[in-house]
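**Q** One structure coming up, written as structure tokens, with questions to follow.
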Amino acid sequence: MSFSITFTELVNVAIPQCGVVNFKALHLLLQGILEHIQITELKKVLSGEEDFLQSSPAVFIPREGDAQPVINPMKRLSNIFDQVVDRIEKIESKLAEMQDIPTTSQLVEESYGDKRPAEEMWNNIKIQKRIEGNEKATEKFTRTLQDLLNDLHVLKGSVETVQKDVDTIKFIFEKVNPQKLELLGDDLKTQSRKLGALQREVVTLQNKVRAVPQPEEMVLWSGLHEAMFSPEQQKLEVEPSGVWQSMVSLPGSPLEQPEDAGYIHIPIHSATPVPTMVQLGTTGALREEELTRAVELADSQRPELAQAFVSQTQRLERAQASVSQTQRLERAQASVSQTQRLERAQASVSQTQNLRQTAPFPFPVPGFVPGPDFMPVYGPRPGMATPSAWALPRGLARGNYWPIWGIGPYQPGQGPLQPMGPMPRVPFPAMGSDIPWTQPLPQGTQWYPNIEERGPEYEEQYPEGYQEEMPMDEAPQEEMAVYGALEEEIPTEGAPQDGIPKGRARERISKEKVPKYRTPKERVSYHKASKDVSPEDTGTKDEAPEVKVLKKVVYKDRPQKDKAPEPRRKGPSSAIKKLRSAIASAAAAAAAYAAHANSAAQLAKDAVKAIQDVPANQLAAKAALIASSGPLGAFADFLGAGFGHGATSNTPFDEGELEEFPEEFAAPFNPFTSKPVLSQAMISATQATSPEEKKKAVQYSMGHIAQMPSRHNSLKEEFTNLSTTLNQRLNYLANMGSSGVLGSTVNVLEEKIINLQKARLQEEELERVWGHQIDTMKSHYMVLDRAVERLQIRMDDLKILKAEIERLDLVKADKNVMDLELNEKANRDALASKANRVDLETVAMELNEMIHSMLLKITNYESDWKKALKHLRKDLNTKLVQSDLNSLKKDIEEVWKVVRKLLLEGLRFDPDSAAGFKKKLFERVKCISCDRPVEMMTGPQLITIRNTHGLSRIRPASANSYEYLQRQLIREQQQHLHFQNFGVHEEGQGFQKDWGDGPRNENTLKHKSHDLSTLYPYGDPELMNYDTAEVDILGVDGVLYKGRMSSQFGTRTGEKDIAAVKVSYYTIPNLTDRVRPGSLLAPGYPPLSPRTSITSATTLHSATNTTTARPPSLPPVPQLPPLIPVSRDTQEAPGSAKRLKSPRL
């Protein structure tokens, strides 16, 4: 089936892409063109000297006389082509054999004679490895070149960015105002000075911040105040406990005592507000009570406090046991001497009574007294007698009277102002008395059958009638009489009192010195102050620490109240025993208290050291523990001692002073009032709100804490003096034999001990308050820690600011340098020496084009090499014969040596080689102008190889700019136009038909040849006509002159020269224009400048003159080495057209 196709489609089929030719389609196309233009019958006349028409060396030579054979040109063409094809087939077969490694059996079979198949196999392997190495090197070179292109692209972008920045800076610099710069410099100086001052302030602030103590070393006034005076601490204040009270009597003598001498009742006036100290010989009930309180304290506060309490109680018991043993020994030794002294004391009783009648009567004031079990007993209780008539019973001998020592602190009288002296329910042992109501009650008698004893239900109030000062002479006569009668039976004078002159009555006592006492809460209405009394005169329960007492046994055995006391049996032995017991108890108490005072001082020092060594987070707990235990190592609610409890300076007595004492003495009354300054300070400290008030309160409390060691030392000394004074008074009483002096002395000693107990109680209260306040300081440490963190953050900010200031100092501009730069004017001469941007871009573009052309060549060579290798392997696998390898190997080695030498040495021709001398390359001729002998070089050696370059390929747009691609396209069009012109010029010579894969006329179609190429080291002789070409001639004067051998065809020759120089080297166009466009080196380096124009292609001088002048601002571009070196002899023989023919492969 036939079909039609256009010539355009047939061209696309014949040449589908660059480097690919379909010869059958091309043959059909050419045949169609010849038929269309009707030249199929035209003939071409050949000279017969064409290279491709020459026969092979093994041509038949006719003998002499034979007719010369007629040579058929087509047959000759077929013979040449067949030879080439046969050789290529042999090469392919040889290459196939070389690629396949022979087996061992094949090697053994072929190893005969001169054949060495093993060596040949080894050589083949080495050739393959070399080819692979070359491929790897080429790939690496390609990658390196691509990296270089990428770097150049980045450099180009950087240059553009720098240029933009320079333009911007230049624009800004043009707009800079010198006056503004001067003002800016002044501002910078001012800011620099300010920064210097700020830096100094920052350094000062840093020093201050470093001087701030650590959080654990700081205590705020408000935190210390809350820790010392918080409401929670008020609940922990010490209250008087029942531990101080006892239902038992003083320990008796180990000797036997009669029943009637069990108790001797002596009323003793006292003004102390707290009970006496507990006896050393405590019972099991008291120990149980102490342990119970320790357990309760451990449950409510801390286990450490209870443990300390128990340990102190055990130590106290051991001290009591040792002291009791010592006392028994001492009592046994001193019993005889005491008996004698008491006998003398009985004799002086009557004398004392007579003196007591004439002595002035001291007016007592209300005050506290110790009860029967060492608890405060106050005024007459309601229900016992009416408040308006508290008269002394007339019939004291009756059996239904109330015991006066149980009524209250004053004796009953007829009015509210009747003085009522205190009577202890458990009286101290003293001398015997004839007063009936002082006799002891029988055993089992119940006191106060209608009264319940209550503990903490008493409020501190002033009773009516005792709020105003009352002089002695203003008292009612009835009351005075009653009191006088009472004083006849009770010794009231003779013992010195603190603050009261000896033997002098106290006539007036202000109401401020009246101590407060307690009344039942439900009965306060009976003792309210009168309306005309100011509120300040009325005591409240907040003015003194709350006293906590244990409830005692209630006596309600009414049937026994009417029993009359049995008559007391008198006996000096029982009185002596009781006195001995009392003296021993007092001495033991003084010794025990002195021992405990020493241990308390040591414990206080240990507590201070423990508080100093404890960590900050446990400071509050440790301080509270130590403060609650007290300086004596135990709790104050059962020890009861202190400077503020009424302890005063000691009053030493010697024997001379004691002898001068009168036998009659005033009532042992030493009123104790709580310190109003201390109470008011505690109240104001608890109610403080402002920081200044808290600071003052804390300072006041800390001042008392600082005085504790000195007060303990003073207490120790005072107890020593008291013990000495007690011994002196006891000796005096024993010598004098006065029962009144002995009772007064014991009463004074008891009063001082009670005062010491109260002082101790107040100190313990302060210590507990301070301990609880220290416990709350822990919460303030957190606030302080947060404040320190904020300070640390500010310090970091200050450090950053300092670093910025230092950086500004380093990078700040210098005004002098700026002024010099601003005042400096642009120098045109220096600007002329700088590079021009247009020139720089031009040079960069030329370099880019040169590099891309090199890359294009390398790519083309690589593809051609791969294709040639592929075809060779394919053809050798199918056509090569093993027996022809030896001759082919030699031919290949020769070709390889030549090609490698040309590639490495740049196709240089060495006239001194052995081949040059053998072929006599130089001929002796004479110069046409001066007849001087000249050596003329013969024609160059021609080399014909397979073409591997093909047409130029356009690189992708990603690797090259658009301008370069456009120039490359223009260059290819010009080259194509040159080829067309050259083909038309040669067209008149005629050519033969070329069918199939036969040879072609390379003179007319050399731009289409892609298989074979001929190399001319000194240029293509067909492109240069030496008769009409312009040559350089060396004259006699040594100057080179330009000229032609003939003036004909000058213009056409020039055109041919211009067309031939398209792909020449930039600096040597007269050497590169000799290379054929279709040869291996045809696509040479492109010109660096697109504006380059060449007017002469034969000399270096003409090429230099026609090159575009470079701008003066650019340095000369370094020239690449010439591909073909210039001949050392610049003279060429004109007119010689004789050339050597190129050898065939």
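Using N, Cα and C of the backbone, Cβ positions are placed for all residues, glycine too.
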**Q** When Swiss-Prot marks a stretch as coiled coil, which of 74-101, 662-689, 914-941, 1054-1081 is it?
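**A** Comparing 74-101, 662-689, 914-941, 1054-1081 with Swiss-Prot, coiled coil matches 74-101.
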**Q** In Swiss-Prot, one of 410-455, 1100-1145 is tagged region 'Disordered'. Which stretch would that be?
**A** 1100-1145
**Q** Could you pull out which residues elsewhere in the chain have a CB under 8 Å from any CB of the coiled coil (186-212), counting only those six or more residues past its ends?
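**A** Residues 788, 791, 794-795, 798, 801-802, 805, 808-809, 812-813, 815.
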**Q** For the coiled coil (74-101), would you mind checking the mean pLDDT of the predicted model?
**A** 75
